[in-house]
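Database features, via TrEMBL:
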| type | residues | note |
| --- | --- | --- |
| COMPBIAS | 1-10 | compositional bias 'Polar residues' |
| COMPBIAS | 20-30 | compositional bias 'Polar residues' |
| DOMAIN | 158-335 | domain 'Amino acid permease/ SLC12A' |
| DOMAIN | 442-720 | domain 'Amino acid permease/ SLC12A' |
| DOMAIN | 734-851 | domain 'SLC12A transporter C-terminal' |
| DOMAIN | 867-1095 | domain 'SLC12A transporter C-terminal' |
| REGION | 1-73 | region 'Disordered' |
| TRANSMEM | 152-173 | transmembrane segment |
| TRANSMEM | 185-214 | transmembrane segment |
| TRANSMEM | 234-262 | transmembrane segment |
| TRANSMEM | 287-307 | transmembrane segment |
| TRANSMEM | 313-334 | transmembrane segment |
| TRANSMEM | 437-461 | transmembrane segment |
| TRANSMEM | 481-507 | transmembrane segment |
| TRANSMEM | 519-538 | transmembrane segment |
| TRANSMEM | 581-602 | transmembrane segment |
| TRANSMEM | 609-627 | transmembrane segment |
| TRANSMEM | 647-674 | transmembrane segment |
Amino acid sequence: MASVRFTVTPTKAEDLPGLSDTSPDISSRSGARVRFGSRESVNRSDPLSEGSGGGTTTAGGAETPDYSNVEQDGNSKISSVYINNTHGVDDDDFYDRNLALFEEEMDTRPKVSSLLNRLANYTNLTQGAREHEEAESIADFCPFSTFQSPQMGTFMGVYLPCLQNIFGVILFLRLTWVVGSAGVLQALCIVFICCCCTLLTAISMSAIATNGVVPAGGAYFMISRSLGPEFGGAVGLCFYLGTTFAGAMYILGAIEILLMYIAPKAAIFVSKNPEGEGAAMLNNMRVYGSICLLLMSLLVFVGVKYVNKLASIFLACVIVSIVSIYIGALVSAFKPPHFPVCMLGNRTINGHEIDENQCKTTYLWKQFCQGPEINATCDQYFLSNNFSEIEGIPGLASGIISENLWSSYPSRGDVLEKASLISTHDAHPASTQQPYVFADITTSFTLLVGIFFPSVTGIMAGSNRSGDLKDAQRSIPIGTILAILTTSIVYLSSVVLFGTCIDGVLLRDKFGDSVKGNLVVGTLAWPTPWVIVIGSFFSTCGAGLQSLTGAPRLLQAIAKDNIIPFLRVFGHGKANGEPTWALLLTALIAELGILIASLDLVAPILTMFFLMCYLFVNLACGLQTLLRTPNWRPRFSYYHWTLSFLGMTICLALMFISSWYYAIVAMVIAGMIYKYIEYHGAEKEWGDGIRGLSLSAARYALLRLEEGPPHTKNWRPQVLVLLKLDEDAHVKSPRLLTFANQLKAGKGLTIVGTVVSGNFLQSYGEALAAEQTLKHLMDKERVKGFCQCIVAQKPREGISHMIQSSGLGGMKPNTVVMGWPHAWRQSEDPQSWKTFINTVRVTTAAHLALLVPKNISLFPSNSEPCTEGYIDVWWIVHDGGMLMLLPFLLRQHKVWRKCGMRIFTVAQMEDNSIQMKKDLATFLYHLRIEAEVEVVEMHDSDISAYTYERTLMMEQRSQMLRQMRLSKSDREREAQLVKDRNSMLRAVQMTWTKEKTSQYRATHSGCSTPEGFRDMLSIRPDHSNVRRMHTAVKLNEVIVNKSHDARLVLLNMPGPPRNTEGDENYMEFLEVLTEGLERVLLVRGGGSEVITIYS
């Protein structure tokens, strides 16, 4: 039986379950070949083929079967006899005869069938465990593994979890108080604004969540991949802190229910006087809250499965409690529950102080009078007003809503009063010793917004479960928006019901003291208040458990993304992936919230963090929509960038409305995290929107710069630095980059370029290596800019191409910095200085400025500041102001900051040197440049013998080198000719005889014979060269005399000669001009003005 090769790619065969050496025979299956991925293959012979003789054994011991007669799907494979296999290619590689044209691509790129197979079996990964992009190309993917596909739908996977997270402690403990303080109208406004904020955020979140596969991770994953690692890390940590403080708030709510309404006698700290009751209550909250936090953390540590099992019970408690409120409101229309509130005048009496039917003067005499006697001194308000009882729950048909429409914001220590009752106010303010119900905090509209907003958070619960959803892109938008609409209707209707059924003084009674400590919302519930008390207790416990479960996983995801180095330790956990260290940190942060001990103080804190998160979700959606990035294709189409920015505006407004100082603190924390990630975090490229925004902004700015040439006031050096690499790809003059960095006070563009000699196809790798060398040097010198490497046959051509093509639009270089050709006189190869002169000509033709530092190795590094000295400027010809601007820019850098500036200019015989000095000083004054001014007079003088001799030596040397190079080229040409003749098998006899060769050398080599040497000695120097040499010598004498101690000398660089035959003389002139100077910067302007006296 012929063996069959079973090829699986790219997974190794030994890693595949069920494909061991003892695997059953699979040759009988239809389609014996199974192939996945690219063309890498693993052979696994049929166990029955060992005795068949159909295969040969390789050196490794594995059998290589013979395929020539194997049947595949009823068709025999083409025999290898008919295939030219001279290249040593295994004939198995010819399996894709229809795709033979793409064989080279298949080595590195998968087939479409393989790609689709991997995508079809894609499973959502745990948050932060691995990048989604890496998951698409996961190397150890096994197509035979059975994945348990997610089965949760919209209702169970998104709608109910969102309901459970949105409905919480605020609904049961604070909503009645919000309605009583703000009034029905303002309470509706508060609820409406908060619900609009979450609805708009949900729309933006739905667009992001349906724009591709979102691994389990929710808001953090969406923000980080949309806005980049900096924003993602900052907002992710804010979201983590918000979730953690939410857990603390839920625990505090549960403890408040326990100590206030379930077991008041369980309090450990009890105050004997009314003033200390608040402090004692806070201490009880701290103790019981810490114990509850510890128990919940242990439960989460033991296993999340227990938390998930309890979730349905807690959700049932929430739904039963809300239903009981609606039933109670309907029942109150016919039979209102009896909860009497005792009033003295219009002031509310604390129900704990009296028993049933004791709202009378005789029972409360001792509370307001100094003794039981009739003539005892009593409180004046007590004597002037009578006691009365009102119904705390008048009922749905009572018309009490007319009193509850308007706001009544009490201050801390105020007595709760009913405005419709008659009262005399001719008494002193109420004392805390008296049995009134007092307001514990000063309320306002903004405070109530901050306290209520946490009751609408929790909209991310569906997106956090995206890994468990059957169709996340359909379920998340529908489930989340339906949950928000449901909760919004419940909140809005609850506000109306509370205002319609409950009296205003009871609504403003936060803890139900006027009704003997009953939960206010419980007084409306049917059939008993205990339904709300028990239900709210379990629901708050469940919400706290959910927060303590989700927050550590969020922190673990941030840590595993490795964008914040100091959080790496929290990415580790137990063997099953549970975030142990992250849970410990979460418990410690939640303990800080527990120690605050006041639900009203903790709620605004997490409001800030959640609003920050929602703000950036809206920003991410709006930004992606406006940028129209090609990858932005959400399935959810009911979004618009205006809705996103409206939601962002509401979030920002709510932050400052609820607490402006908390908002500033939250922004400062997010900003600090952003900057930390920017400078110290790991670099990540997630294709985020900020990168797209940068591209759009750059495009817009470049197009704006194209509208016209830059004004002189906006001119700044956009530098192209030309560096040369040696044979080992090391930069020869790294100080050039240091000098360019010191010029960067102009904040212009910097492009660092080099030329690699060769052919681009063969030298591409070398060019990449050179580019990496330049980038490394730029990082070392802290130069912000770009590098460019050009491959050309000749360096001068590469430099010319670079000068022509560098930059883009208005961001093209306007200044070229290049080094002086060191030791050009001693070099046998003239290409170095010829390339230098050619670059000077190219920059002149391109109207670019040119800076040539001479003796660059002597220039100071960034760590060698000049403590004293001068920067001398020799202004010989006007070059557009470059000589004035460059010293100013250099002195902005710390290296040159302490150097003074001197400007020298040259006066001829016909110039008035005194007037020139005054004019120059005035010019510098208008330029706002501080510098010493000196005018140097150069008198006419005869050409000295030294100048004449120097010129003669220069021309003799040039002539000699020219003849030597000519003779060398003749010899090379002759050798090549001989080689060509010999290669023709001597078919043609040589025509060059020895005598003829000697004659040719004599006529073409002027310095190889005594006559030629005498001709060279008889040279008379050219008059123009003598004049140029005279200028160079005289200027050099003056410059050395005045600036021998200068830290840097800047002077005009004369232009090269039009005739290329004088190039070598030009180099000599420059050498003479700069002789004896330590550091020289030759400057050649670009032909445009770069400095102006106007503002």
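Note: Cβ is positioned from N, Cα and C throughout, glycine not excepted.
TrEMBL entries are annotated by machine, without manual review.
Spatially, the transmembrane segment (287-307) is not adjacent to the transmembrane segment (185-214); fewer than three Cβ-Cβ distances between them are under 8 Å for residues at least 6 apart in sequence. Long-range Cβ contacts of the transmembrane segment (313-334) within its own chain (Cβ-Cβ under 8 Å, at least 6 residues beyond either end) map to 160, 163-164, 167, 171-172, 393, 395-397, 490, 493-494, 497, 500-501, 521, 524-527, 531-532, 534-536, 538-539, 541-543, 545. With pairs at least 6 apart in sequence, the transmembrane segment (481-507) and the transmembrane segment (234-262) have fewer than 3 Cβ pairs within the 8 Å limit; the two do not touch. The stretches the transmembrane segment (185-214) and the transmembrane segment (481-507) are in mutual contact, each linked to the other by at least three Cβ pairs under 8 Å (pairs 6 or more apart in sequence).
Between the transmembrane segment (481-507) and the transmembrane segment (152-173) there are 3 or more Cβ pairs closer than 8 Å, counting only residues 6 or more apart in sequence, so the two stretches are in contact. A mean pLDDT of 71 is what the model gives for the domain 'SLC12A transporter C-terminal' (867-1095). The DSSP breakdown of the domain 'SLC12A transporter C-terminal' (734-851), given as helix, strand and coil counts, is 59 helix, 22 strand, 37 coil.
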